[in-house]
Each structure stands twice: as structure tokens, then as C-alpha cells.
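Chemist: Before we start, here is the structure in question, set down as C-alpha cells.
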Amino acid sequence: MTKDVQAGKKLGDSIRVFVRVRPPANNLDSSVCLKVLSDAEISIHQKSCSKEFTYDHVVDQYASQENVFGAVGKRIVEGCVEGYNGTIFAYGQTGSGKTHTMLGPSEDFTNKFPDEKHGVIPRSLEYLFQLIDQKKEMHGEKMEFLCKCSFFEIYQENIYDLLITGAISALHLRESVSRGVFVDGVVEKIVTSAEEAFMVLKTGWNNRHVATTAMNRESSRSHAVFTISIEAKDKTGGVTKVRTSLLNMVDLAGSERQRDTGTSGLRLKEAGTINKSLSVLGNVIMSLVDIENGRERHVPYRDSKLTFLLRDSVGGNARTCLIANVHPNSYFYGETLTTLQFAQRAKMIKNKARVNEDMHGDVVALQTEIKKLKQLLDKSVSTTPLQNPVLNGKYQDLFFDAMLLWKRDQSMVDELKLQLDAKEALVQRGNKALQSSRMIIKFRDSMIKQLKGTSPMDVDERVDLLNSEISTLREQ
Ligand SMILES: Nc1ncnc2c1ncn2[C@@H]1O[C@H](COP(=O)(O)OP(=O)(O)OP(=O)(O)O)[C@@H](O)[C@H]1O
């Protein structure tokens, strides 16, 4: 049994955490603070103090880009073709190797595709289209795929489209029942091959550089999000099953602390905003860990654009992998320890990934299918579906699919009914309170009239008292 499978059994849908140690920097003191103990353990030490951490996978500076993709990306891309959402994040301080891991060496990012220097994103695109081609070969015209790429960055809590040259107006996040959270108006390029998708990535990457220079900002201060949406149509048996998934690949901004950025003005503001957005990510993770431990907590997804957008990736409907990039030099001991601790917390989060599937069909096909299912249902009233030989194979699958859809809709209707009941009860309570307040005011008014009629001196005091009571009741 492979380690991956063991980890899968043990961790279920937990966020997978992968640690990659980059080569030591030449321009710094040569002492190192990290030691890779095995393919899952790493220790960090300072003077005589040492701490050990265990993750799903740990690799040292000699790991190839192919190895990294094999451990991190393969399973996620395979899931996307089957209808599971997937997310891969790279986290770490500036210069720790996030871009190297996700894209490849940025100083040497050529047009050549594929290239052995390429990182997780180009390799994911290559593997995704390999899997798609295999499926198409197997099922012929009955299987159709539609893939669309978008690429944007989040800079100081503003979203900029990287597929528009010189984009200066920020985009907004929206939420809908069918799409969840999405970037409104972002360019989505349809791609039919890995090469086309790679060219989209390349265009966005170049635009990011241009924007960075033109607007005097550092790319390490923004989060770059490359997304590919996959729609798979399976048209077997007259009914079309549509599976949709999103593959998000995120090169996060540098996680260094504000004091290390050592600047003022714009750079300080940048650092503050980055830290806000990364610290919200940290808070989201903390809250989810608390929830895992049985505590009741609010998860502050909406506190930053990044966490709101990637809500499903952390604790939701997605398979997620976090790559923690670290510097081995002792000079960065503090940052490296923080990154390792962040990664350890992320490991405790459980996601709830499920296949995103819908059924469609032309009216006649669906009606025929419903008729067939009704007949099967009539025949099977006396037995459970699993015992009934008529409901074997394909029909059993269809039957279960139909039941699942019906059950899902039914539970949505039930939930809406409950919400409606609660709102109606609230309105009724409000009306009752209003009615009784009106009665009291009426009663007090008539009492004042009576008292004024008799007009002894001490009555004035009571009238004042009652007047103030009336105004309080009116306010109510
Ligand atoms: N595993 C590695 N093997 C070889 N070189 C590496 C590795 N990781 C990083 N580097 C090199 O280290 C330098 C910094 O890496 P990189 O730009 O990927 O860091 P980063 O974390 O993305 O920084 P930033 O936050 O500024 O974007 C680059 O020259 C890169 O090629």
C-alpha cells in the first residue's frame, strides 16, 4: 500500500499538507535550521532547542518539479475530471520558492511547453488534458468537455484581471446559489488543449509583471489565482449527466511579518493589507480547527477577499493541498517556524468534497426515463432496490441518481419552509406586541383625560409620569 493511500484512509478529506525546503541562499550565513528526517517528518532547530513536525509529505532541496507535482497535484487533477473541486495553495515567506513551485523558475519562464523546469500549474494543465483525452478516447462523442481559464490577482483587497492588459479597475465578488462565490466579469478563456491553457497562463503572468512595474508594486505582495473550470457532459442513455468542477491554483503573497518589510508608506500599507488577508486565512483555519474540536465558532470567511472567494477550499466542498515553502537558512528561523506551525494547523481541517453533478435531457428523453423509472418503481414496491434484480446495473444507478436529486430538492424545500415559518412567527409576534402597546396607550390617554377633569395639584405629577410612559411605549 502506498503512503498516499494510507494517508487518505487515515485523514479522509483533510487538507493535505506538503512541505518543500528550497536550496539555502548563497548570500546568507551558511548555517541551516531545518533537517528533513523522512518523507513525512522535518525538524527545526535553534541552538540546543529542536522541534519536530509531521506532514503528509516533506521534500528537500533536491526534489524535482515532477516529484512535487506527483505528490501534490495528480490526485487533485484526477478528482477534477470526476467532478470534485480542487485547490492547491503555495504558502511561505517571500523568496521561499512559492512561484518556483507553482510556475517554475520565474527568471527562466520560457514559451517551451512542456518543460521539465515547469511547476505545479503548467504540469496540472498538461495532466488534465491527458486525462480528458483518455476519457474522450474511451467514450467517443458521448463525452464532451468544456474548459475555461481565468487568471487574476488580489492586491490590497482589490481584484485585478490578469487577462486584460493594464487592467486598472477592480472586479467584485458575487455570490449565487448556482455558482457559489465568483468574480463578477472576470475574463474566462475557453481552452481546448494544454498548450492553449498554458498560453493563457503565460499571458496573465506577463501582464502581472507589466502591472507590477507600471504601478510600482511588488508581485510578492499580491495573491495570484489561476482557475480552470471543467464541465464534463456524459450523454449516455438519452440523459445527460453534467459534472462541473473548479481547479484553483494559488500563489499566495509572501507571509513575512511587517517588521521585516522594513518600509513605510505604500509598502507598509501593502504589508498591512497582505497581513490582513493572510491573517484572516489564519483565523479561518483556527476557527475550523476549533470546530473540529467540538467548539462553536463563527468562521470569518467574509473578512477578506481571498478567504471569501476560496471558502470551499478551506473546510468546504473541495479537495485541497497546501504547499508550505520554507527557507533552510537559520537567518529565517522565526518565519520558518511560523510557516511550519501554520501548516500544522491547516492539516487538521476536514473538507467535505463531493461530486458536483446535475442531470439534463431533452423533454422526450427525460419523460421516457421517468416512465421507465416509474415502471421499475412499481415493480419494486415489495422489495428494496438492492434486492430487486430488475434494478441492477444501469437502471439501479439511474434510480439512485434520481432519488438523490429528489432528496436534495426535498431537503431544500423543507429548509425554505422552516425559514418561512420562523419569519411568519416573527411577524405575528411583532403584530401582537404592536396591538397591546396601542391598547395600553389608549387606556392611559383616557385616564389622563379623567384626571385632568378633576384637576387637583398632585394629579399633575401623575400626568407627567403617564406622559413619559406613553412616549416610551410609542418609541417601542
Ligand atoms: N526548490 C528550488 N530549487 C531551486 N531554486 C529554487 C527553489 N525554490 C526557489 N528557488 C529559487 O529561489 C528564488 C526565489 O524563489 P521564488 O521567486 O519562487 O520565491 P517566492 O516565494 O515566490 O517569492 P515571492 O513571494 O517574492 O514571489 C528564485 O530564484 C527561485 O528560482
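Any Cβ shown, glycine's included, is placed from N, Cα and C.
Pulled these features from TrEMBL for this protein:
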DOMAIN    14-349  domain 'Kinesin motor'
BINDING   Gly92, Gln93, Thr94, Gly95, Ser96, Gly97, Lys98, Thr99  ATP binding site
Chemist: Counting other Cβ atoms within 10 Å, pick out the least crowded of the binding-site residues Thr94, Ser96.
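Modeler: Minimum Cβ neighbour count within 10 Å, taken over the binding-site residues Thr94, Ser96, occurs at Thr94.
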Chemist: Which binding-site residues among Gln93, Gly95, Gly97, Thr99 have CB under 6 Å of ligand 1?
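Modeler: Correct list: Gly95, Gly97, Thr99.
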Chemist: Can you tell me whether DSSP puts Thr99 (ATP binding site) in helix, strand or coil?
Modeler: helix
Chemist: If you count other CB atoms within 10 A of each CB, which of Gly92, Gly95, Gly97 wins among these binding-site residues?
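Modeler: Most Cβ neighbours within 10 Å: Gly92.
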Chemist: Where does Gly92 (ATP binding site) sit in the DSSP three-state scheme?
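Modeler: DSSP call for Gly92 (ATP binding site): coil, neither helix nor strand.
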